[in-house]
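Summarising the annotation, TrEMBL assigns domain 'EamA' to 3-117, 129-255. Taken from TrEMBL, the feature transmembrane segment covers 17-35, 47-66, 78-94, 101-117, 123-146, 158-178, 184-206, 241-260.
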Amino acid sequence: MSLFIKQAGHLPTFEKALFRNLVALIVATIMLARTEEGFRVKKGSGFGLLMRALCGTLGLLCNFYAIDRLGLADANILNKMAPFFAMIVSAFIIGEKPNHIEVLCVILAFVGAVFVIKPSAGFAASFPAFMGLLGGLGAGTAYAFVRKLGLQGERGPVIVFAFSLFSVLLCLPFTILHFVPMTIRQFLCLIVGGTAAAGGQLTVTAAYTHAPAMEISVFDYTQVLFATMWGLFFFGEIPDVWSFVGYAFIIGTALFKWYYNLHLKKA
């Protein structure tokens, strides 16, 4: 998805987000319309759906802003801070308290994020990276609410539908006010990116409703490897040595946390 969003060029962030979630909205609508329960929401899910939609939309906008202004790999790795944020937020909204090892993992991940952001580069240079990190915060908070909704028995397509509808309605007026005409190539990039995102969103939602964030998120870090390759091949982007150090911290910590959850924590 990130590749096609960046390939779409210099379109407003709200316009990109609108098309990205419009595809997911259509897919989720069709899925729900074909079920017996339809669009019914479980009692008590309203607040969780609203928070998932709000945090997810803000995270998406920050992520798209970062994708347009950072190297593809840097933008992706900052967004992959989401599981660490999800672990923190889950402690407050679900009661899944982190232990000392998990707290250490969060600290190490943030050390890695600092290497990628490089605050010493100055505010103008670092601001897109901070936005990317905020995108990770928004996504992580949204994942925590997805987990909470899953524990309450809410259906995945309902969660995706609510998020996509909220995002489309929020982005629509800004898109109309600041609309930039697209070329056919840009339109196709957004449609393909939106289709890829819709599939990813449905599968990720299904995963997060059934398991804690850090047990499944490690598989999502392969996206960073692909983002590095796509950035090099399509945009000539080569991350600097400090970014690679940050990648090592974040991915290494995620791998350790995954192994710890599956083997050591349950021992």
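For all residues, glycine too, the Cβ spot is worked out from N, Cα and C.
The model shown is predicted, which means the values in this text are computed figures rather than measured ones.
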Mean pLDDT over the domain 'EamA' (129-255): what is the value?
85
Report yes or no: does the transmembrane segment (123-146) come within contact of the transmembrane segment (47-66), defined as 3 or more CB pairs under 8 Å with a sequence separation of 6 or more?
yes
Tally Cβ pairs under 8 Å between the transmembrane segment (47-66) and each listed stretch (78-94, 101-117, 158-178, 184-206, 241-260), then give the stretch with the top tally.
158-178
Mind checking which residues of the chain, 6+ beyond the ends of the transmembrane segment (184-206), have their Cβ under 8 Å from one of its Cβ atoms?
1-5, 7-9, 11, 16, 19-24, 27-28, 146, 156-157, 159-160, 163-164, 220
What parts of the chain pack near the transmembrane segment (241-260), using Cβ distances under 8 Å and only residues at least 6 beyond its ends?
71, 73-74, 77, 80-81, 83-84, 101-102, 105, 108-109, 111-116, 118, 214-215, 217-218, 221, 224
Which sequence-distant residues neighbour the transmembrane segment (158-178)? Criterion: at least 6 residues beyond either end, Cβ under 8 Å.
12, 14-15, 17-18, 21-22, 24-25, 27-29, 32, 39-41, 45, 49-50, 52-54, 56-57, 60, 142, 146, 149, 198, 201-202, 205, 209
By DSSP assignment, list the helix, strand and coil residue numbers for the domain 'EamA' (129-255), in that order.
108 helix, 0 strand, 19 coil
Helix, strand, coil residue numbers for the domain 'EamA' (3-117) per DSSP?
88 helix, 0 strand, 27 coil
